[in-house]
Amino acid sequence: MSKRRMSVGQQTWALLCKNCLKKWRMKRQTLLEWLFSFLLVLFLYLFFSNLHQVHDTPQMSSMDLGRVDSFNDTNYVIAFAPESKTTQEIMNKVASAPFLKGRTIMGWPDEKSMDELDLNYSIDAVRVIFTDTFSYHLKFSWGHRIPMMKEHRDHSAHCQAVNEKMKCEGSEFWEKGFVAFQAAINAAIIEIATNHSVMEQLMSVTGVHMKILPFVAQGGVATDFFIFFCIISFSTFIYYVSVNVTQERQYITSLMTMMGLRESAFWLSWGLMYAGFILIMATLMALIVKSAQIVVLTGFVMVFTLFLLYGLSLITLAFLMSVLIKKPFLTGLVVFLLIVFWGILGFPALYTRLPAFLEWTLCLLSPFAFTVGMAQLIHLDYDVNSNAHLDSSQNPYLIIATLFMLVFDTLLYLVLTLYFDKILPAEYGHRCSPLFFLKSCFWFQHGRANHVVLENETDSDPTPNDCFEPVSPEFCGKEAIRIKNLKKEYAGKCERVEALKGVVFDIYEGQITALLGHSGAGKTTLLNILSGLSVPTSGSVTVYNHTLSRMADIENISKFTGFCPQSNVQFGFLTVKENLRLFAKIKGILPHEVEKEVQRVVQELEMENIQDILAQNLSGGQNRKLTFGIAILGDPQVLLLDEPTAGLDPLSRHRIWNLLKEGKSDRVILFSTQFIDEADILADRKVFISNGKLKCAGSSLFLKKKWGIGYHLSLHLNERCDPESITSLVKQHISDAKLTAQSEEKLVYILPLERTNKFPELYRDLDRCSNQGIEDYGVSITTLNEVFLKLEGKSTIDESDIGIWGQLQTDGAKDIGSLVELEQVLSSFHETRKTISGVALWRQQVCAIAKVRFLKLKKERKSLWTILLLFGISFIPQLLEHLFYESYQKSYPWELSPNTYFLSPGQQPQDPLTHLLVINKTGSTIDNFLHSLRRQNIAIEVDAFGTRNGTDDPSYNGAIIVSGDEKDHRFSIACNTKRLNCFPVLLDVISNGLLGIFNSSEHIQTDRSTFFEEHMDYEYGYRSNTFFWIPMAASFTPYIAMSSIGDYKKKAHSQLRISGLYPSAYWFGQALVDVSLYFLILLLMQIMDYIFSPEEIIFIIQNLLIQILCSIGYVSSLVFLTYVISFIFRNGRKNSGIWSFFFLIVVIFSIVATDLNEYGFLGLFFGTMLIPPFTLIGSLFIFSEISPDSMDYLGASESEIVYLALLIPYLHFLIFLFILRCLEMNCRKKLMRKDPVFRISPRSNAIFPNPEEPEGEEEDIQMERMRTVNAMAVRDFDETPVIIASCLRKEYAGKKKNCFSKRKKKIATRNVSFCVKKGEVIGLLGHNGAGKSTTIKMITGDTKPTAGQVILKGSGGGEPLGFLGYCPQENALWPNLTVRQHLEVYAAVKGLRKGDAMIAITRLVDALKLQDQLKAPVKTLSEGIKRKLCFVLSILGNPSVVLLDEPSTGMDPEGQQQMWQVIRATFRNTERGALLTTHYMAEAEAVCDRVAIMVSGRLRCIGSIQHLKSKFGKDYLLEMKLKNLAQMEPLHAEILRLFPQAAQQERFSSLMVYKLPVEDVRPLSQAFFKLEIVKQSFDLEEYSLSQSTLEQVFLELSKEQELGDLEEDFDPSVKWKLLLQEEP
């Protein structure tokens, strides 16, 4: 075992390199990540550098605005309401004001009736609305006579230079009459209330703007938008880091942690890389901020620091969300929404001062803190003297506080990430209690004893009984893993599920132990517990005296443990060598030993030829080998392997077996498997688990003897043989022998184990019966498969050539009934009515595909959420405009209260409130006036001696300068230019002061208000709305109409084609749903547009029917355009987001281009014609811009132009439909039927001459080739084989070695000929790259043969074939559809009428016992049920040709047996035939009538199982178990004497295993005679002599595979998928 040292630094560097390689190799994702970020930067620079306005205002002296009555405008009328005696009296006195002489003043009964003013008067109307005698509000038309803003924002320009003069917004109140009207009305109210006239006093009030200090102001709304874009500037990076981290945590991080990965290394690796990205982006954003002068006075370093800290806080926020949310897309979406909403939450800080406590609390949300920081920088520009730069002279305490909060947020999010990562429940790993950090064991590592003694440790073995073989004495004291009363429970839907129920046993050093059991037995659960991935509910486990319940011990265990989980553990974007190097560093292998260790693993697993290939390009078997290689890195002392050879071809499987056998000394190896032969060959001890409990344990010989059914005698016959006489002969020697299988070519008997003494005489008589038709015979011992099934209480069939039907005669009636029922189901298909075809079938298929699309759409939450989000975004501008419209259309009052600007008495100083400065320049006291001011609840500061002028100190919001004499005061108002409503507020203060002097307790209150004029032109408004929502509508289609890419990836489209689907039916079925959904969305958008728009806008579109018809055509054309894109890029990624963005950009640029084009209407028309996404908005623009000039351009009338524009989208639809038809026709996939819409016919079976002549072929191959030639010549259709493959050859273009070399052709198959007869199943075997997959593809029509011909029953004569039955290796199923929905869809596609389909589905479901799964979605099914479903789909509709590719891969032995029974029942004595490919030799032996083995693209041999064993089998296997160990050496000498060429394979304890050449064994009678003598002489407990297995024959032939032909392994189209078992 290699020395290990876990180092956070080494692990962080390794993971950081991995992340960088991921970014480099996943160029599309990285490009998008950076592209969107740079586009944002570019947009901000180009847009805001021109749009953004910065007002740098120098210091200005005070400005005199003159007297109130200096207002002399005459272009207005005055209206007041309600008209009453009091209001009429007030307004009569108002008319006496000097500036109102001769003006019209009208009374109205109420405010609503004033709307008639807009109809009767074209001039401006001033509305006075009285609420009572002393309260009123002045209403002006919006944008007239008063500022549009209610109040100044803290960063906007309150004064600016206009025509070389300084103009302040607050002066509008003075200059445009508001203050004059206010003064007149106030004077009238005072006179009526007190009988004292103050008209002259108020008319003589003068206004002065205080001195203006220098300030820098931003350009209003543009600044707000810029800050919003700054808030989301890092969102692209943060989205991708959220997705990447969540994906890794979900799929692989737990396994890496089990290998020794430190959590801090994982977070650091991602944090450091994205911190670099943030650094670059922060630099760019700071440069943009400074260059666009968003921030003027603050230095670059401060701005950069703000952005950098904000970006870092977002990274840790993404980390936190990845822990709390388990789904990658949802994590990214939530983080983005949090950034947006928390950032927007900070916008009030731009306009007002927030309470300190609230601001500090909300700053715990980093986007809020960033927004506050940006607001502070802008306020500094607004408030600080322009000559005093922040970096040099100011201490930016507020900015530093904000930066501190961003640092605090970063640390807080990181701590919360680590905390929740430890306590939140996860699928794997140990979870801590919420208060784990309060325990001392968390902070201090306690020492431990070298040996932990368990209570009753010596009793940890299961209770001894006859089901458990006693452990050999030599292993006593070598207990490495001790398991005691282990239980594991999971939370089920209704109740707790027990996965393990008190498991007790030991695992020994120096032994290979196999865990066997059905799916769900608890094997994976046990291995996960032993590896530390899972925590047991109760019980204890020790591994070399380390207790798994202690975290410290788990870390120690990980140092000497290697784990190969059921799922592959590697990164697809890394090469084989890079994966090994990464995991070596994670495991803590010393840096100088990493390369040596990686090279060792590569060599031991013979991966030199794939070490530089990306893992994602490897086949499933090669990925499995890589996962095993990762497990053995560091030469671990304990190996835990969960199905380590699943998906491997036999040759690779044997390499791993040999590696494990060679390294088992001084090591502990525990593995689980569904491949029973693997356990039989490899494991020294087998442990059977059933439903979470141990059932038995022992060696193969022990288990076979106790639960085996005996020897299998297989006789290969010719036509002269009389089966009855042979059976009589066998029973003559062994009376209790049973005939278990009988066919024309084969008889199989079971001979009891205890009758081995009768074997010599039986075999001697069989040798003498060669003239009775026995060509050959063989014998094999019972298999562990049979033991397994017997333990499970199931019926068995033989894997070793027994055949199924004779065995069924010996099994219970239940299984016979089931299979008879299945045969009846399959035969009943012939009785059903003929399947439909032509247009009727096309309609049925369209409805079936539409059903699939609708059901998929219901479950595609990601797409639906995205569509909903886009729908919402598209109406944000309209919603804002609607709110704006509603806000200003309705009257809003704005109270002009002194509390807005001035402190109350006793109130603490609070920005922006100040004292009201009162300056007495009367030369006498003004106590009465001051007393009256104080009664208004205003804190005043009095300059009693008049030493100040009131205009040079802008630290006050306002000042009142009192002059005149003691009784007749004159007033001057000085206002701070930052306080917009200061003049009317102070005028009310003066008015109430005068009112108080006359001892009145009343209070005058003036409000400002506006009304909206309803005679605006909305044509531009309509186009601006349309400009936004229709481009957004175009971006919907990629999220709606690209689901076909998923069908191509899942191979569902290919499966549908093979099942007889018309290409046009597929696309029209998709369109039936997609077009409807898209049109519904478009219709909703139009309805929303009408709802949000003013009434005038609606009437611009005069013919709604035309718009709807145009929309239907537009929707159809855009959906089919997306179909064309999907078809072209069907082998790539979906990339809906990219295409959505592309459509959006195309439409926006088209709008801009048509608006700017110099050809006017003609350019708009041709733009609509040539740019499909622009068609709808172009048509609407055409309808709205039809004029005599445009009619002259086109030489058409208005109606003709409308109809022409209306036809454009339909023309596009037809064009894209035709393009789609051409693409389908040229895709080189063979159709099963003629398409009635696309008019595409199945290709004729063209014959291509083979350039190679067969040379040096075996006699069997030559005979098969002759059968093929004869079959092609037979004219009787009933005698034609169901599959004829004649001289098939397939060449692929190889890769160039360099730019100047020619492509070397890669030959996948060479002159392959065979035929499959009716009722026959032929097995096609071969090493990876031998050509099996290519042969299958040529038969299905996926690949066109270079030479040769394929003829399928139905395609050469008689009726058309219609469809094939195909059970692919990869489950081509839709995860969210149920079993019943799959069956109904495929029945419809294959042409079954609804009634026939229901009958067939019911019978098949009943026969295969799928009733309980009918309503279950496929994604919830076990692998075995999925394989059953794929098989049922392949035979549904009674196809004459069925192709089965690894039909039982991934199933447990029980499921495999059931599947094999079903396959045999399906094809026995029928008109159907099947071609089966498999890596599992037991499967071929169980179901195949004949087997063909391919080597290097050629058929190497073909024939029955027994024929191949006899012809190519070279060895017999002899196993012997001794009672007396002292006899071991003499026995060994005796075996070598009797069998001189015997080779000893295993020798430990009492078991001895030898390999005997065929020539030493033949005749069998002599061999058994010798062994019987040995049994008596040496007192053997038992022995067995068994013939070579098919697997051994295959391995011998596979050694001929040439290295150069292995290149097909690396072709992504040739992959073996690892099918996982689902266990609790």
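The backbone N, Cα and C atoms fix where each Cβ goes, and this holds for glycine too.
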Which candidate in Asn120, Asn244, Asn1376 appears in Swiss-Prot with the annotation N-linked glycosylation site?
Asn120
Feature N-linked glycosylation site (Swiss-Prot), candidate list Asn195, Asn545, Asn556, Asn999, assigned to Asn195
Which residue, chosen from Asn456, Asn949, is annotated N-linked glycosylation site in Swiss-Prot?
Asn949
Counting Cβ atoms within 10 Å across all protein chains shown, which of the recorded positions Asn949, Asn1328 comes out on top?
Asn1328
Among the binding-site residues Gly517, Gly520, whose Cβ has the fewest other Cβ atoms within 10 Å?
Gly520
Nearest to Gly1326 (ATP 2 binding site) by Cα distance: which of the binding-site residues Ser519, Ala521, Thr524 is it?
Ser519
Let me know how many other Cβ atoms fall within 10 Å of the Cβ of Asn195 (N-linked glycosylation site).
8
Sorry to bug you, but what's the C-alpha spacing from Gly520 (ATP 1 binding site) to Ser1333 (ATP 2 binding site), rounded to the closest Å?
31
What's the number of neighbouring CB atoms sitting within 10 A of the CB on Gly522 (ATP 1 binding site)?
27
List the Cα distance (Å, whole number) between Ala521 (ATP 1 binding site) and Ala1330 (ATP 2 binding site).
36
Confidence summary (mean pLDDT) of the domain 'ABC transporter 1' (481-716)
86
Would you mind pulling the DSSP three-state label for Gly1331 (ATP 2 binding site)?
coil
Here the Cα-Cα span from Thr524 (ATP 1 binding site) to Ala1330 (ATP 2 binding site), rounded to a whole number of angstrom, reaches 33
Give the residue from the binding-site residues Ser519, Ser1333 that has the most other Cβ atoms within 10 Å of its Cβ, counting over every protein chain displayed.
Ser1333
Take the Cβ of Gly1331 (ATP 2 binding site) and count every other Cβ within 10 Å, whichever protein chain it belongs to.
27
If I take the alpha carbons of Lys1332 (ATP 2 binding site) and Ser519 (ATP 1 binding site), what is the distance between them in whole Å?
29
Using Cα positions only, nearest of the recorded positions to Gly517 (ATP 1 binding site) (Asn195, Asn949, His1327, Gly1329, Ala1330)
His1327
